[in-house]
């Protein structure tokens, strides 16, 4: 039974559908694993085992009676704590929403329920998705399964740790500036940020509405493509979803590297760790040997991505988080003073340090006299970044670069220097600003046994090509990673 937790998503799907494995048996194995290792990894904020097992038993009953909802019926999936599920606490790892029970399902949750997935809610995250390590969670810091003294990345660190720690085969996260891809890279798994507008954001608690996107983590490539097909599509409840052809998982095929133009970056322009730099160059050499044409691209605008991202994201967060005022829902601090005192006391007690920092920065950039100098300029720069990506894809088929400049750092190593923490997103934020899709793929281990990831990027709504390249990359010997069985 213990070996079940080390099956890939594809193997689980196959065995459930051929009848050699029951959902209850599988879910029980995962719950046993969670009980054994999550005291170290702290991926879950809460775990209602009775409710989870009930879902698994219902799936098995449907299977026995020939009433399966889909080929995915009975597969377990983890849910980040900022995605609403009816009757479940959705806290965003914040004190201000600690006791908020969602009255409705996010669109992505409705789609998963329609297919019969077994939901494992409440995976830890940085508070309101603001962070790159989960150290900004109001409740706990998640740990990296490859080394529990290190961070798993963020903000979707709990979602990544759950999959990398073999507590689940797949999970959902959200990506505003790299919050799926960076933890996927640091935890040695697959993580996709779809094109903005591909997946509905209805029911995702907003951080920065023009940047946020829900996406999947998986322990193999098929989990990514299957989940993208299930989650994508136009939604009347989210006017930013786009009318495009429905993505189909079965249409994803490996792509021959021969004569394909791969956009690459000059590593000397960025402060990569030696191991990340060496692995990136090694992969490029391997692809060149398979006939790919390497095309150096001018990433000069990338140096502006971090300031542009933090001006736009914090401005939107300042607006979005103004709804948490202690009146309608969330933490309420009773005062004997005026209404303004209630707002101030509730927000001061409910929000963490990093969230307050970003609200203040966003409010400042939107204020009279500074709007044009900061927010207005950032929006103009965003247009330039978007245009630069459009130019890139006129000459290359795909862009390949490291996902993160370094492997996972130790817990507490960067908490005193927020700027250093922000720089961890230098390779991911521009993708959100441009709205294009990108996937982080495992790319082997460094000298300390820590995962390295590389990021593939294609043009808007070209996920078929993106996942085709990712599938081909997954076959390279140099990119193989075995997830840890023992958590140390």
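Glycine is no exception: its Cβ is also placed from the backbone N, Cα and C atoms.
Around the Cβ of residue 80 (active site, charge relay system), the number of neighbouring Cβ atoms within 10 Å comes to 31. Annotation comment: Swiss-Prot describes 80 (among others) as active site, charge relay system.
Within the same chain, residues 37, 40-43, 45, 91, 93-95, 98, 124-127, 130, 151-155, 157-158, 161, 164-166, 186-187, 352-355, 408, 411, 450, 483-484, 487 sit at least 6 positions outside the compositional bias 'Polar residues' (136-145) and bring their C-beta atoms closer than 8 Å to a C-beta of that stretch. Summarising the annotation, Swiss-Prot assigns compositional bias 'Polar residues' to 136-145.
Summarising the annotation, Swiss-Prot assigns region 'Disordered' to 136-158.
According to DSSP, residue 155 (active site, charge relay system) sits in a coil region rather than a helix or strand. Residues or ranges marked as active site, charge relay system in Swiss-Prot (evidence: sequence analysis): 155 (among others).
The active site, acyl-ester intermediate feature in Swiss-Prot is assigned to 179; the stated evidence is sequence analysis. Secondary structure at residue 179 (active site, acyl-ester intermediate), as computed by DSSP, is coil. On its own chain, residue 179 (active site, acyl-ester intermediate) has 126, 129, 132, 154, 155, 156, 173 as residues at least 6 apart in sequence with a Cβ closer than 8 Å to its own Cβ.
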Subject >> Neighbour tally for residue 155 (active site, charge relay system), based on other Cβ positions within 10 Å of its Cβ >> reply: 34
